[in-house]
Amino acid sequence: GMAANKAAKEQKYDRQLRLWGDHGQEALENAHVCLVNATATGTEILKNLVLPGIGAFTIVDGHKVSGEDVGNNFFLSTNSIGKNRAQAATELLQELNSDVSGNFVEEVRAAGSTCLRLGAVLWNAEVPFLVCRTYGLVGCMRLVVREHTVVESHPDNALEDLRLDQPFTELKNHIDSYDLDSMEKKDHSHTPWIIIVAKFLEKWYSEHNFQMPKNYKEKEAFRELLRQGILKNENGAPEDEENFDEAIKNVNTALNATKISSTVEDIFSCDLCDNITAQTPAFWVMARAVRDFVRDDGNGILPVRGTIPDMIADSEKFIKLQNVYREKALQDASVVSKHVESLLQSVGKVCPPGYLLIMKFFKCVFIISGKNAAFLRVVRCRSLEEEYSIESVNKDEITSCMDNPDSEMVLYLMLRSIDRFYQQHSHYPGVYDYQVEEDISRLKVCVNSLLQEYGLSVSVKDDYIHEFCRCGSAEPHTVAAFLGGCAAQEAIKIITQQFVPFNNTFIYNAMTQTSATFQL
Amino acid sequence: MVQLVGPLRKELADSVSSCRVLVVGAGGIGCELLKNLVLTGFRNIEVIDLDTIDVSNLNRQFLFQKKHVGKSKAQVAKESVVQFCPKANITAYHDSIMNPDYSVEFFRNFALVMNALDNRAARNHVNRMCLAADIPLIESGTAGYLGQVTIIKKGLTECYECQPKPTQKTFPGCTIRNTPSEPIHCIVWAKYLFNQLFGEEDADQEVSPDTADPEAAWDPSEAAARATASEQDGDIKRVSTKDWARSTGYDPVKLFNKVHYTNSLFKDDIMYLLTMDKLWRKRKAPLPLEWSELQKQEEMLGGGLKDQHVLGVYGYSQLFSESVKTLSSQLAERGAGAELVWDKDDPPAMDFVTAAANLRMHVFSMNMKSRFDIKSMAGNIIPAIATTNAVIAGLIVLEALKVLSGDLDQCCTIFLNKQPNPKKKLLVPCALDPPNLNCYVCASKPEVTVRLNVSSTMIQTLQDKILKERFGMVAPDVQIEDGKGTILISSEEGETEGNNSKFLSDFGIRNGSRLQADDFLQDYTLLVNVLHSDELGKDMEFEVVGDAPDKAPTPSTQEEGKNITNGNKDSAQPSTSSTVPTDQDDVLIVDSDEEPSSSSDCGALKRKLLDAETGEAPAKRQRLSQQQHADNEDDDDLIALD
């Protein structure tokens, strides 16, 4: 039944649940991706999405499987030669995971400008678009998403949200319930360090005009104050109190001022936050609700996150302290939910048709206001049109990178020139042995015309032109496999709304094993 | 390099299709690697793996399907690849690469060896075999979103063992038995308890109170009296834990708190510990639990997966009881003398450890943990996904092509970041370092100095703990450089077993003695200088001089970093450890918004960045130091190269 199925999935996906959690997994299982063209790079990407359990995929491809395909694509076999490529790849990819629904569309061969046209359509439909390409020893990815909202950005060094500089009433009361001076030794050395810092901060305030220790010197002095608070034995030597050691170690964290980060402020000042309509996406309704909380209820700060780190303390004291934070977080979250409700009401979305959607919506509200308000991120990519248009090309990024003539940027310029070459000559440079020399000079013309057209005063070394002609347009499997791994990872970031995707172009050079990201 | 691309340069294409390569490991990286190799044109591939397929492999090891669970990884991987690429000529071995059948001669059959391993012991061994055979080796590993690849070539690059790696963290017996202070101590205890009750009994895995704890420090006469008393008990009451448990019919309530001072886990043992009052002057004393007093409480259930809930004490006592019943009936079904082997993926075994560890955590005033978290720590689980393995396996083959075309000078160590670092680099290639001249493995005359007590160190310890475990030998022969060539240990069965329980001093070994240890299989000779010492640290049997690994590396605060634990499935040592909380003291936080670089700081590790754009000096690498000691039980381990 359902429960058994759930347990089986839990077992199968155990290793990845440890990375993105069950809500990340749920997002993945509800996602449907479309792959246009089942090239080696394409099927490698899908393989890496099918294995972790993407909900469904659809391959669109009008090509027939060729011998060359079979040579570099693991998901096409000799006996599929001549068959439709979308169908053949779907059959083999489907075998990897029976939880995934595989579909295909046999579509006529796409013309050269398809990518730009598709880009425009998806941009308007607000569907994220990832363009991936393996050309010889170069890999390239371009993310095209008008706006991607990240709920859990998983910053590496996220600070704790302890509010010691502005304790809320319940925390203040809890701190007041402790009296370090009249404590037995055992209790003293099992008091959570958060309480210790809070207590000594009160002492510090009284001596320092109610100012927090700010600079290094003051923080050192504060640490000294903590050190003096350690109990002494009968000989006057300090006892071994690990909780005080922890307090001293955590001074920096503890004294960090509670404030709203500039990233979150930027989100609050977005137009989308101001003008909530019936069409506003859930993320922005929630962002606005959090902003309302900040302005109306939170005295200018975010809802409490509600989690505290592990620390030396006896269970009872720790759990009590934990509950103080947790309960405040729940309380704040319910205030945020009320704002969401009234925002929805104000645009007449009291009882929308999708009941389930609303349930999800509220679950999301809880996640955001309780834990992640500080970790919200918005990624906005430029459109392909902006990148390709002479008026809006990002000249600065290109020219500044090309100060180093061997920057990966040169590979980007080469790929653009190659496309130009293909448009003019209907083949890729160097594919026919007998006209390599001719192609070299033709490609040179393409490079120069590209640079000229865009008004880019940079130079591309001849070496690169020669190399691209000698390489041909092959799609070596191992480069495709590399790119397939990277691209699937980005797709998972987008689908799970966890981690920040790159913005917006990634170039990999397999000769030097280097990579770079550019904003184009 | 350019010519590699399709069509590969003729000579390279020829050598790719004609050469023979060895892939060690058919797990996460191994599956990807086999696919990449055959599709790059490699035709003669041998693959070895001793593991069988588990359900939790299926989220990334794409050559395996549900119907293959329980079968040999190497064999199924071969069959799957050949099905897709009938031209490939693949030989599969369902075996350990440390088996003596795979001699130096065997390794000489290959143009190149590629490791896709999951544990340090095997990595050490393959490193030595490749050095001895003078065959290039590509090392690799992944952990969550992170990964790395490097090349090892005798005489030209560092070998796998050139830089000391943090040794596995082990815990003193008395911490486990008397004074646990972290959840990991309780988890190790629970795993010991499993073995004591249902598995192979091991004297090093005692779970009852340790009366000889030096910290308990009774006055000597009292201590002597206690020791005598406990010895006398031995004849009458102190039967083995397993025998006793069996005699009770594995009654969970009796296991839990029945009066039998050596064996009741959560009540009487704890009350006994309380009598060792010195232990509790500075610590919070444990609180014994009484089975009959546990009340069913409303369990708070949040959303999410069942495994991620933390139950209450009552819940864990029920889980303890159920799992003991299941395990004891499993044991009974297997007949007399049977033993169970703990496996994190065996539900009742995992339930038992979850329950026992949590009850002990509760007794010692720690916050209990979910089954999901305990599984991570007890099973040394490193998160793993398809994407990272795909990236790393792609990189391996590109490096392999450079090796085969003789461009070793162009090879590098490549690190994969979780996301582009502030310099916008996802990949960080670093120049290969030359060999460490003092390496105890690849130096021309390897030599080490070991501090130990010659009159309390047994030959068995020298063999098992020092030569095998610490110095990675498989079957050492040892002679004393005393002019007579006295044989201390022979790898031939039956020749020197009589020496095992004698002490080094019994053979005239003293301060300054030199021992020559040979491993015939690895073609490796190590000279061991003995430094006698009466005063070694608590619970320390020996110490390698001049090789104290750097202090425990600072773990990351990132989520996956928390779960990364030490451990090694081939090791006899407790295969668990905890990470140390980040010392934030030296971290200057500028703004919480800055996405900090993963290669930011804190490394004692030097690496030359081959970064033409910045030309910058050594990048210190935090993330690898965080995890370099991670030898996990999974298939795709991050390797400790630095």
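For all residues, glycine too, the Cβ spot is worked out from N, Cα and C.
Annotated by TrEMBL as region 'Disordered', the relevant range among B:203-236, B:237-270 is B:203-236.
Between the C-alpha atoms of B:Asn59 (ATP binding site) and B:Cys442 (Zn(2+) binding site), the distance comes to 38 Å. Between the CA atoms of B:Cys162 (Zn(2+) binding site) and B:Gly25 (ATP binding site) there is a gap of 23 Å, rounded to the nearest whole number.
A straight line from the CA of B:Gly25 (ATP binding site) to the CA of B:Cys174 (active site, glycyl thioester intermediate) spans 37 Å.
Every protein chain considered, the tally of other Cβ atoms within 10 Å of the Cβ of B:Cys174 (active site, glycyl thioester intermediate) stands at 19.
In this structure, B:Ser96 is the one among the binding-site residues B:Asn59, B:Ser96, B:Asn119 with the smallest number of other Cβ atoms inside 10 Å of its Cβ.
Around the Cβ of B:Cys162 (Zn(2+) binding site), the number of neighbouring Cβ atoms within 10 Å comes to 22.
Note: none of the recorded positions B:Asp49, B:Ala122, B:Cys159, B:Cys162, B:Cys174 has a C-beta at a distance under 8 Å from a chain A C-beta.
Of all Cβ atoms in the protein chains displayed, 31 besides its own lie within 10 Å of the Cβ of B:Gly25 (ATP binding site). For the pair B:Ala122 (ATP binding site) and B:Cys439 (Zn(2+) binding site), the Cα-Cα distance reads 18 Å. Checked against B:Cys439 (Zn(2+) binding site) by C-alpha proximity, the recorded positions B:Asp49, B:Ser96, B:Cys174 yield B:Ser96 as the nearest.
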